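Novice: Following this message is one structure expressed as structure tokens.
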Amino acid sequence: MSESAASQRLAFVQNHLQVAACANKEEPRKKTPIESMAEEREKATFDVRELTYFLDGGEKFTQIREKFMMELERDPTFRMYDMYDVTKDQIRERTMEKFRTIVHYVSAEPVHIFTMRMQTISLIDPGFWTRFGVHYGLFFGALRGSATSAQFSHWVSKGALALNGMVGCFAMTELGHGSNVAGLETTATFDESSDQFIIHTPTVTATKWWIGGAAHTATHTVVFAQLIVRGKRYGTKSFVVQLRDPKTYTLMPGINIGDIGKKMGRDGIDNGWIQFTNVRIPRTNMLMKHTKVSRAGDVKEPPMAQLTYGALIQGRVAMVVDSGNIAKKAVTIAGRYAAVRRQFASSPHDVQETKLIDYAIHQYRLMPLLAQAYAFHFTGVETQKLYDSLMDKLESTQPGDASMQEVLDTLKETHATSAGLKAFCTWSTLNAIEACRQTLGGHGYSAYTGLATTYNDFAVHCTWEGDNTILTLQSGRYLVSCYREALAGKTQPEGVDYLNHLDTLLTQGCAVKKNEDILDFNIIQQAWGVVTANVVKKAGDDFESCLKQGMNPEGAYEECSQARLAAAKIHSFGYVFRRFAQAVQSAPEGLKAILTKVCFLYGLYSIEQNAGFFLQYRYFTPSQMDFVRAQVNVFCREVRQEYIPLIDAFNYSDYMINSPLGVYDGNVYEKYFDQVKRQNPVGGEHPYLPLIQSLLTRNVEDDEPLEDDDEDDE
């Protein structure tokens, strides 16, 4: 064989061997959902557990929350897997079953630990959380906040604390009045001859409405009614009225109660209506910590009526905290599904379809919602601290104390802040839940995926404890008041500190040398300060203009209501960002890098959503706003890389999430299919077979045949 032929032969053999080797090489394999989720967790650049501890306030509290989750998951009365298929009556009965378990912890745990337990329960069963909270948060809370020491001891001895002998409800809202407590129509008229109050419902619109626990459960209620003594009205006060005999559950004389029926969500609460027809109660059933009525009919009003408002703030603060918790749950479900759901291929050569989370538009839909959930979490923590500090001051301060004015200023600030944040956070979270539901595609319409029910249950937050629009206007009214005080030279509190710098802020622009310098917490805070100061100034100037036109203050406030709404909204954006930035700066070093990215995303995205204000007041130039928009996309991509570790840090167990699409391991399809089959067994008796058969076998007379259109024209 010639040398040339030998070389050709060798090349042929080598080529054959290379082809054979390729033939034996393993073909690229599609990753399972579990593997897809696992690869997401490998991207973490931070210690997930450390972030959990930071969010919970320390390792000790993380362990407590995990203990609660385990106890609830193992308690058969708290089974949640079938909650999407139970009827209204079934869920109400189940809700009542849970009382016996939870009431044990009321006296067995310190208040702050029990509060954590209830916050955990609110995530899995908001209906029970509310129904239980009606007694302890509203009824018992009213006793604690409005009763004298002797009255409080009396009602505790009757079983108000132990839920032994009485179950309470809170009769404030009326059919014709909600947020306007001062306008309630129910009357409490003092009868000096018998030393009694006569509680009466004078009109249909005075019917107590939406009263949780009234329809079937409550034996007693705290009623808000107009105090009338010797023909003079003294405003809305609170009175304890017995509704039912606790042994027979028959209604007391003069009491009429009914069920208001099916609601949008939270069917575990037996909301009802109550009418009082000349119901007599002892004078001492009026809660007299603040306003007092003597046996002789003398009325003594509190020297500082504002002090009675402190207890009303608690519910609003709780909803700010709840907004952060529910937002975290929603983005967990949507995010975990997006990490394993694959849809279409980015390239025809791809072996596997692309993850939803890798599409830029999906990142833009989800990443800002994650950032918002973190922002609301830290805002809730700080708002709770502000409220706790206020209550400590209210408990220790007496009229005449030198610190009284400071306490009243703190009360005013906390009241307005909690009102504005309650509206801002609940509106935003409700929108976030719906946005997360839509990212699930068609599966988002299934109740089993969790977000439809979460939306229905959460929606009530936007209208109870004060309608959100009304609360936002209250916040705007406070901002106008602070603006006027600032002009008069009075230093404003930290929450509205920007009003202390009106002389420099109002005309200030972003003075960075290059666009990249915008990525600084101080610059973003300054941006919100400038815009908020200008928007508040607009509301304040509109108010002053109305006064100069001869309007009274109430008319002037109403005339500038839209400006107040805008001021409160922009103020809340800036306030939430500032709380988030402060939390990042106090975070452990190992967490600062990732939290900084999330915080920048929230701040820049919020600016982008309100770009008109930043351009109107010339803080940012158009080119700077273009940079802000571009950076939102940059941070969406960066946060996406660690989205799964970031939601893992929320530390919600699969039991807490209660959604097959949000399971930790990513095995969403098998879990989803299993749940559907378990709740809807195959092979059972047909539920409406006779109806179908009667339809298909009915006698139908032959109709005249239709004419053929083709034969019409000849």
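We count from 1, first residue shown onward.
Placement of Cβ uses the backbone N, Cα and C atoms for every residue, glycine included.
Worth saying up front: this structure is predicted, and the values here are computed from it rather than measured.
Relevant sequence annotations retrieved from TrEMBL are reproduced here:
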| type | residues | note |
| --- | --- | --- |
| ACT_SITE | E465 | active site, proton acceptor |
| BINDING | T173, G212 | FAD binding site |
| DOMAIN | 47-157 | domain 'Acyl-coenzyme A oxidase N-terminal' |
| DOMAIN | 309-480 | domain 'Acyl-CoA oxidase C-alpha1' |
| DOMAIN | 521-684 | domain 'Acyl-CoA oxidase C-terminal' |
Novice: Rounded to the nearest Å, what's the C-alpha distance separating E465 (active site, proton acceptor) and T173 (FAD binding site)? Just drop the number here, would you?
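Specialist: So the Cα of T173 (FAD binding site) lies 10 Å away from that of E465 (active site, proton acceptor).
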Novice: Given the recorded positions T173, G212, E465, which one's Cβ is surrounded by the fewest other Cβ atoms within 10 Å?
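Specialist: So among T173, G212, E465, the recorded positions given, the one with the fewest Cβ atoms within 10 Å is T173.
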Novice: By DSSP, how many residues in the domain 'Acyl-coenzyme A oxidase N-terminal' (47-157) are helix, how many strand, and how many coil?
Specialist: 96 helix, 0 strand, 15 coil
